[in-house]
Structure formats: structure tokens, C-alpha cells
Amino acid sequence: MGLLRVLLAAAVVFVHAGPLRGFHTLGGNLAVQAFYMISGFYMALILNEKYVPSASLSMGQTYRLFLTNRLLRLFPIYYATLLIIGVVAIVMWLTLGEVHLEFAQAVRAYGHQLSTGTKAFLVVVNALLVGQDWVSFLTLAPTTHALIFTRDFSSAPVNLNNFLLVHQGWTIGLEITFYLMAPFLVRRKSWVLILVVVLATALRVYLRRQYGLTGLAWQYRFFPTEIAFFMLGALGYKAYRVLRQKSIPLAVRRLCLYGALGFTLFFGEIFQITNRLGVPPIAMSTLFTLTIAACIPVLFIHSKTNRLDQRIGDLSYPLYIVHYIVFEALRAYGLGGNYQNLLTLALSLGLAVGLNQLVGEPVEALRRRVALRLH
């Protein structure tokens, strides 16, 4: 599972830093939605097997412990990334005379249009992560400059996403929304989870057909539709509870492993072929989603005792969160040339290792100590 998570994070890197020459990679929307499914699986696992109300822990205490531990996983590395961004900005100002980062460019271009309330809102979402996904549905009114709803942020008068310090941080905001709801959902019976998937999917289709809402924000940033992917992951946990009682042949486990990794790695190339053959893109996207969803419980069984795979997986979050500032720095200084994307990936992996060792692992040790004291 860890290798799959890093592959998904790498796919997002290539979406931002540019595609590989002559090789089509997985799209960012499918990579992010696969992360949602994996998150749904893990949250269902720990909420049903670790954060369980008992004689010594009430429902409220388990809820607070769950949220505390999840936020401790997210925020320290996020704040460390903000520190890196600050250092890069200072170095750019000293060496280039100007900060060539998207948020700085947005401030220079549109900062004078921001009201005090809008500035406060952007400061809060950058500091707390919560609400960063909402930014994709907002822009500034042309005359009053008040916050207003937008159907498509990419064609809005002002793209407020450019004011996010971490370009891709909106996905973490959406994750936190799921964490707030997860304890009340993933412990439910399977039919409830299936119902949520059906309703969320129906809402997606309705918004697309009735209102033509097909922009990026509606593809994978609108929580009421994206919850379907978290619930698919939670259903994977239900399947895992059945499968772990059985002996799954090694051949089947390897088929899931190589199938999921191979499909993720070569999906872009496969998509090009099927597209030329007239296969609808939605069919391939659905096939990828269902393949990953079906493989998640088997992959977990296959790799849950593999320490190396776990350590690789630990790099996925810091890799995902830090890569954009690496890309922006390389772009600003004109480094990497035709291989800027690969250099972005390599440097981001190095930073991810450092962030995990200096921040992630100490915080993880703290989380374990807190959990032991409470139990």
C-alpha cells in the first residue's frame, strides 16, 4: 500500500511540474480520488478497531483522540512546509529582487482588491487548512470586491486559489472535513455506506447534467460528491474484515499488487489507447476507481507487516505537500531544463525524507505516547 501511495503522490507531482517526455501519467483528479479511497479505508480501520468506546473511554473521548491524532499527523509537516516556503520567499527576495511564487504574485496583482474580511478569511484557511477547498468556489465581485460564489474558479475574475500558500492544500482541507464526519459514518452498516456512495454519485451526475458544473472544482473538490470515494474506501474495510479471516492465495495478492501498481503507473498510456479506440473517458476513470477500491483491502493484507513498505508510504504525505514549492523554486531560477519535472520529484523526495525524520517520526512517537496514556 505504501508504494501505491507514493506513486499516486508522484503522479500529482508530474501534473504540476509537467508530464514526462513521451509518457502519459495518471491524471491529478484520479490520483487525488484514489487517496480519498485509501483514507476512507484507513479511517474505517482505526475507528472500528482502535478508537473504540470502552469502559475507560467515552464516545466523546474517542472522537477527540481520533481528531487530535489525525491533526497531529497533518499540521506539523504542513507548518514545516510553510517554514520552507518562507525561507524560499526570503531567498528569492534577496537574490532575485522579487518573490516569484504564485501567492506573492496574487498579492501583488489583486491584494488591493481584498476586503478586510476576505484577508482574514484567507489568513485563517492558510493557517488552519480547514476551508481551503471552499476557496475553489469563491471569487471577488467585480465592483464591490466581496466574496461571491463562482461556477468555475479558472475563469473567475480573481482565482483565489492563488492566495493559498500551499497550492494543493485544499485536498487536506477536504480530508479534515471527512475526519470530522468519519466517526459518525464509517461505523455504520454497509448498506448505509453504499447509500452514501449512490447519493453522492447521483448528485454529481445531477449537477453536471442540470447545471453544467464540470469545472475542476466540481470534478474533485466538492465534498458532497467526493464523499463517495471515502465511502468506497470504508466499504473496502468491510471487505477486509471478511478477507482477513480467509487465506488469500499469494498469487491473488500479487495480482492485486502488480495490477494496482501497474494500472496506476501506466494508466495514462492505456487511456491514450482506449481513447483512440472510442472508449468513453468516464468508463476508464470508473474502471480505475473500482480497480483501486477492490485492491485496497488485499493490498493492506499483503503489506501490513512489511516495514519497508510502511516507511515508503510515510513519505507520501510530505512528498505531496512539499513538491509544489520545490517546483516553484526551480521554475523561478530556471533550473532543471527539460528535466525540471524529474528534478522536482527527486528534490521533493529528499525533502520528504527529511520532513518525515525531523518532524513526522517525532510527532508519531508523541502520538503513540498520548494514546498509551489515555488507554
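Each Cβ is built from the backbone N, Cα and C atoms, and glycine gets one as well.
Because TrEMBL annotations are produced automatically, they should be read as predictions rather than curated entries.
Per TrEMBL, the features are as follows:
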DOMAIN    3-355  domain 'Acyltransferase 3'
TRANSMEM  33-51  transmembrane segment
TRANSMEM  71-94  transmembrane segment
TRANSMEM  190-207  transmembrane segment
TRANSMEM  255-273  transmembrane segment
TRANSMEM  279-303  transmembrane segment
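Ranked by Cβ pairs under 8 Å to the transmembrane segment (279-303), the stretches 33-51, 71-94, 190-207, 255-273 are led by 255-273. Across the domain 'Acyltransferase 3' (3-355), mean pLDDT in this model comes to 94.
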